[in-house]
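Feature annotation from TrEMBL assigns domain 'Kinesin motor' to 3-333. As annotated by TrEMBL, ATP binding site applies to G85, Q86, T87, S88, S89, G90, K91, T92. Taken from TrEMBL, the feature coiled coil applies to 349-402.
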Amino acid sequence: MENICVGVRVRPTVPSELSNGTYWKVEENRISLHKVHGTPISGLSYAFDHVCDGSCTNAMVYELLTKDIMHAAVEGFNGTAFAYGQTSSGKTFTMSGSETDPGIIHRAVKDVFAKTQLISDREFLIRVSYMEIYNEEINDLFAVENQKLQIHENLERGVFVAGLREEIVNNTEQVLKLIRSGEVNRHFGETNMNVRSSRSHTIFRMVIESKAKDTNLSSDYSSSDAIRVSVLNLVDLAGSERIAKTGAGGVRLKEGKHINKSLMVLGNVINKLSDGAKQRGHIPYRDSKLTRILQPALGGNAKTSIICTIAPEEVHIEETKGTLQFASRAKCITNCVQVNEILTDAALLKRQKLEIEELRKKLQGSHAEVLEQVILTLRNDLLKHELEREKLQIELEDERKSHREHDKSIWEQQMKIVDLCDIVTSSGFDTKSGQDSVTQCLKQECNDSNSICHGDTFRTPCVKASPKAFVAKRSSYLTLPDYSPLPDTFSNVVDEDTWLRINKGHIVDLDSLQMTLARKVQSFPSSDATPVSLYCFIFPKN
Ligand SMILES: Nc1ncnc2c1ncn2[C@@H]1O[C@H](COP(=O)(O)OP(=O)(O)OP(=O)(O)O)[C@@H](O)[C@H]1O
């Protein structure tokens, strides 16, 4: 945000209008009303960015109040300078100047071209136009046939006057020549206040476009490819006037009314803008063509300077007070200023290419392709491991099943042994009865206990026939199979569960059992042989 620059310029006093009562005193950037004897009048002292007394030349005014804006315009900032004040206070003199002391417009044009010459790395295209607002109608001062032009607004151009002739210019002389031709078309008129009074507001406009000279050398598209476009308005307003003073009538009266009305709207806009953002509400830019055209300069995107001209004579004291109050309010206005850049299609294309290139570099920088390959490999490995795991799971299941079957088989074998032992113990063993007696007895036992019996094969142990737990001692043998009834390696056939049951107390002598496990029976003894101890065990019935 940037405050509007406001300065006051005091026109030299007209000798015939010398004051006897009061006078305006200028001290640095302050102007105040004093009594003839030097006493300041309270409440009538104003401070501004600059105050120029009657001795100031246009050169000084330009330097103090407008030069920076012209230079900024060359760099891409919108700029506006305008003179405001009552009739005959020196507005036209300030803006247009004289032969010996050229005004702001002349100096600005010269300065802009001089400045562009100093910027060697950019090329410029400058267009100028010149218009007036006469009786609230816009006329083209470069082309008299272009009358009553309309104001339009769009996103690309903002507010603009349709049909206004724009001349492309290359140097100061060319522009000054055009301005002179335009001046011929301006509406001037004689009033009691000014022999050559401006009857219209005039706006001289320069549109300054620039772009970097060699776009290929730089990759910074924002500064190299963008085109900067700034609009510079140099405005000479018609002066407010009191009809009684100007003695206007007829055409002059009509002109005066239009002038005063549009200046009143300008005052309203300034008042609203000076209220501050929160209170300002609706800004009546559209109430006059002047404020509509100057909209960007008033609270918009432009560097703005207002040169308020005053007539120091005592007879104009009320108009001067009004001008100073207007200036004070204008001082409160802030504009939001920024360089205006637009991108051409070529610039946009280049920007996109650069963005794509940057993205590609980023991708390469992060080794995205390599990472993708790694992820793929990891995924494959994971899948392989998963399959392997499933295969092992199946194998484990098979193994467990096989173990269970094996255990069952062992258990059945053990049960058979138990039953046999039982039979042997309870019925005694006779070598004569032999195998047949045992078999018969076993069958009988099996039948008694409702066990399933298929021929000579016992499928179910005859637990009924067995005491809950005991250790049988065999004192004599029949023909026994030529192998140990227990496996060679006990741990191969008993699982932990079996061991638990064993250790719960049904083994009288585990060492003996182990010894039995290791013993391979070679032959069975005869009836008179020394009895050999055989330890058998059974499990408790759960
Ligand atoms: N600073 C100055 N130095 C010398 N002469 C001046 C100065 N300012 C104004 N004048 C003279 O005062 C007269 C009125 O000035 P000017 O026409 O510029 O007033 P104005 O404000 O433009 O009036 P209007 O609103 O009626 O157009 C002119 O003759 C002009 O040459």
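Using the three backbone atoms N, Cα and C, a Cβ is placed for every residue, glycine included.
Sequence features annotated in TrEMBL and their locations in the structure.
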residue : record           : contacts (Cβ under 8 Å, 6+ apart)
G85     : ATP binding site : K91, L237, G239, S240, C308, T309, I310, A311, T323
Q86     : ATP binding site : G239, S240, E241, T309, I310, A311, H316, E319, T320, G322, T323
T87     : ATP binding site : T191, M193, N194, S197, A238, G239, S240, E241, T246
S88     : ATP binding site : R11, M193, N194, S197, G239, A311
S89     : ATP binding site : R11, G239, T309, I310, A311, H316, E319, T323
G90     : ATP binding site : R9, R11, A83, T309, A311
T92     : ATP binding site : A83, G103, R196, S198, D236
> What is the pLDDT of the domain 'Kinesin motor' (3-333) when averaged and given as a whole number?
Replying inline: 91
>> Same chain, not part of G85, Q86, T87, S88, S89, G90, K91, T92: whose C-beta falls within 8 angstroms of the C-beta centre of the ATP site? Give them in sequence order.
In response: R11, A83, F93, N194, G239, T309, A311
>> Suppose we draw a 10 Å sphere around the Cβ of K91 (ATP binding site). How many other Cβ atoms does it contain, all chains included?
In response: 27
> Which of the binding-site residues Q86, T87, G90, T92 have a Cβ less than 6 Å from any atom of ligand 1?
Replying inline: T87, G90, T92
